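Chemist: When I checked TrEMBL for this same protein, it listed these features:
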type: BINDING; residues: B:CYS35, B:ASP37, B:HIS88, B:CYS91; note: Zn(2+) binding site
There are 2 protein chains.
Amino acid sequence: MSVTDDLLANNARYAETFTGPLPLPPAKHVAVVACMDARINVYGVLGLAEGEAHVIRNAGGVVTEDEIRSLAISQRLLGTQEIILIHHTDCGMLTFTDQDFRDSIHAETGIRPAWSAEAFPDLDTDVRQSIARIKSSPFIPRTDSVRGFVFDVATGKLHEVK
Amino acid sequence: MSVTDDLLANNARYAETFTGPLPLPPAKHVAVVACMDARINVYGVLGLAEGEAHVIRNAGGVVTEDEIRSLAISQRLLGTQEIILIHHTDCGMLTFTDQDFRDSIHAETGIRPAWSAEAFPDLDTDVRQSIARIKSSPFIPRTDSVRGFVFDVATGKLHEVK
């Protein structure tokens with residue numbers, strides 16, 4: 001049995017008490033952009049129920065072209081209005097540099113990625129960078145409520161970055 | 001009060017019973033790539049607890065350069081070995097075309113996105129496309145367990161795409 005098989009057994013139990021379908025557009029008109037970190041259960045952290053918010057996640061919770069794509073679809077086609085960004089303490093992205101990561105891939109595979117790993121040395125600075133990327137995009141129509149937070153993996157609390 | 005403020009009040013309650021910190025590497029050595037759809041609570045659907053799996057999400061659950069970046073970091077730096085892809089029924093990505101989406105942005109803003117919206121007309125075909133993109137990447141070292149599923153928003157069940 002792989003871990004994937006174990007998780008499929010969990011899904012069968014989840015479906016036993018599942019009631020659906022809910023509507024497609026998020027009921028709370030919110031999109032969340034969070035780090036992929038395993039310790040951030042976004043539904044738990046924000047007290048969200050199924051159907052309430054779009055959840056976009058990647059390594060670091062950074063904003064690249066693909067997050068602009070997702071946010072553009074979220075706002076333009078599905079009516080979300082507020083954006084919440086979540087980085088977190090003890091993030092893996094603080095532990096290496098773009099240069100080292102790309103060098104190691106180059107050394108191992110002979111191919112250098114054309115993309116940046118988006119590693120960053122300071123959490124608050126990178127949250128502000130992600131907000132700035134959203135606000136500067138011509139494709140995101142509603143940017144009056146874009147707020148960024150750091151999730152503390154020790155306490156479970158969100159700290160707002162001003 | 002904005003919705004964001006409401007969710008911050010939820011976070012204060014979440015933190016009251018939170019116990020941490022857990023280790024950084026995902027305990028189950030799994031990375032999940034899922035659609036951002038509000039109805040997919042990934043932790044619930046797969047019975048995951050905090051700390052067990054990386055969760056990567058975007059519009060459609062598709063694999064673009066940014067998901068390759070996240071998966072490369074997940075496997076190379078944080079030791080994940082299996083990948084689970086989750087698309088779902090009633091997906092917004094089935095309801096429009098790239099051409100229409102980019103035309104509408106062009107008409108409204110005067111700027112045409114350089115990226116594709118990654119809309120798709122068939123769920124199973126797009127799951128296979130996402131698997132193919134992962135398996136063809138030189139930057140993802142472990143691709144022997146990459147499995148794709150469609151989540152049924154009516155029943156809560158995952159259906160594997162073969």
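Keep in mind that glycine also has a Cβ here, set from the backbone N, Cα and C atoms.
Bear in mind that TrEMBL entries carry predicted annotations, made automatically and left uncurated.
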Chemist: Please determine which of the binding-site residues listed here (B:CYS35, B:CYS91) has the lowest count of neighbouring CB atoms within 10 Å.
Modeler: B:CYS91
Chemist: Sequence order please: the binding-site residues B:CYS35, B:ASP37, B:HIS88 that have their Cβ under 8 Å from a chain A Cβ, otherwise just none.
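Modeler: Checking chain A against the binding-site residues, the residues within range (Cβ-Cβ under 8 Å) are B:ASP37.
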Chemist: Going along the chain, which residues six or more apart from B:HIS88 (Zn(2+) binding site) have their CB under 8 A from its CB?
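Modeler: Non-local contacts for B:HIS88 (Zn(2+) binding site): B:CYS35, B:ASP37, B:ARG39, B:ILE40, B:GLY61, B:LEU123, B:VAL150, B:PHE151, B:ASP152, B:VAL153.
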Chemist: Cβ within 8 Å of the Zn(2+) site's Cβ centroid: which residues qualify beyond B:CYS35, B:ASP37, B:HIS88, B:CYS91?
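Modeler: Residues close to the Zn(2+) site, other than B:CYS35, B:ASP37, B:HIS88, B:CYS91: B:ALA34, B:MET36, B:ARG39, B:ILE40, B:GLY60, B:GLY61, B:ILE86, B:HIS87, B:THR89, B:ASP90, B:GLY92, B:MET93, B:PHE151, B:VAL153.
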Chemist: Measure from the Cβ of B:ASP37 (Zn(2+) binding site) and count the other Cβ atoms within 10 Å, all protein chains considered.
Modeler: 28
Chemist: Tell me, by DSSP, whether B:CYS91 (Zn(2+) binding site) is helix, strand or coil?
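Modeler: B:CYS91 (Zn(2+) binding site) sits in coil per DSSP, no helix or strand.
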